[in-house]
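Straight from Swiss-Prot, here's the annotation block:
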type	residues	note
BINDING	S10, S16, Q17, S18, M94, Y95, N96, F97, T138, R139, G140, G141	FMN binding site
Amino acid sequence: MSKVLILKSSILGGYSQSAVLIDHLASHWETQGAAITVRDLGGKDVLPMVDGEIASGLRGGAELSVRQQEMLALSDTLVAELKANDTIVIAAPMYNFTIPAQLKNWIDFIARAGVTFTYTETGPKGLVEGKRAVLVTTRGGAHKDGPTDHVVPYLKTVLGFIGITNVEVVYAEALNMGPEAHDKGMSEAKHSIDQLKA
């Protein structure tokens with residue numbers, strides 16, 4: 001049985017197009033027997049914003065404040081969740097050409113030297129290996145493979161840095177460029193999702 005972690009990151013609630021696609025994917029994969037865990041980073045599972053105190057605490061050490069200890073424990077939980085699943089599905093709507101702050105915050109909690117990556121004499125090495133990632137990205141305009149897409153290249157870089165190099169991408173483009181473009185973008189994205197195996 002495939003174990004899947006789904007990360008939602010939209011802040012738009014019931015208006016979220018990425019959530020529609022993620023729910024479609026979850027339903028599709030559940031019929032294939034996948035065990036799915038959902039973390040709604042833009043909703044009920046929003047994380048504390050990583051500030052200087054938290055960032056310092058995530059390095060560990062003996063002299064941690066109570067808050068730092070709590071945030072380190074939260075980070076450990078998120079990392080364990082990441083490592084426990086075979087496939088990581090990331091809902092990544094484009095906000096102002098990049099990812100939502102809530103998703104970036106999750107990255108800041110799990111990208112830890114000595115935990116999810118390390119530095120060697122030949123450069124960095126990811127420690128979260130043998131995983132697969134699926135990015136489901138929605139955007140109001142048409143940005144795929146262009147200079148204004150700071151979503152997919154960035155996420156591929158981060159995932160590769162921690163060891164996840166098997167990355168598939170589902171695009172839903174031009175969703176704010178009229179009803180026909182919206183319907184076409186969502187239909188094509190759902191078709192792409194239907195081709196994915198859990």
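The backbone N, Cα and C atoms fix where each Cβ goes, glycine too.
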What residue among the binding-site residues Q17, N96 has the most other CB atoms lying within 10 A of its CB?
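It comes out as Q17.
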Which is it, of S10, T138: the one of these binding-site residues whose Cβ has the most other Cβ atoms within 10 Å?
T138
In DSSP terms, helix, strand or coil for T138 (FMN binding site)?
strand
Find the longest CA to CA distance in the recorded FMN-binding set S10, S16, Q17, S18, M94, Y95, N96, F97, T138, R139, G140, G141; express it in Å as a whole number.
17
I want to check the contact list for M94 (FMN binding site): same chain, sequence separation of six or more, C-beta distance under 8 angstroms. What comes out?
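Looking at Cβ-Cβ distances below 8 Å from M94 (FMN binding site), excluding near sequence neighbours, one finds T137, T138, R139, G140, H143, D149, V151.
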Counting across all protein chains shown, how many other Cβ atoms sit within 10 Å of the Cβ of G140 (FMN binding site)?
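Excluding its own Cβ, G140 (FMN binding site) sees 17 Cβ atoms within 10 Å.
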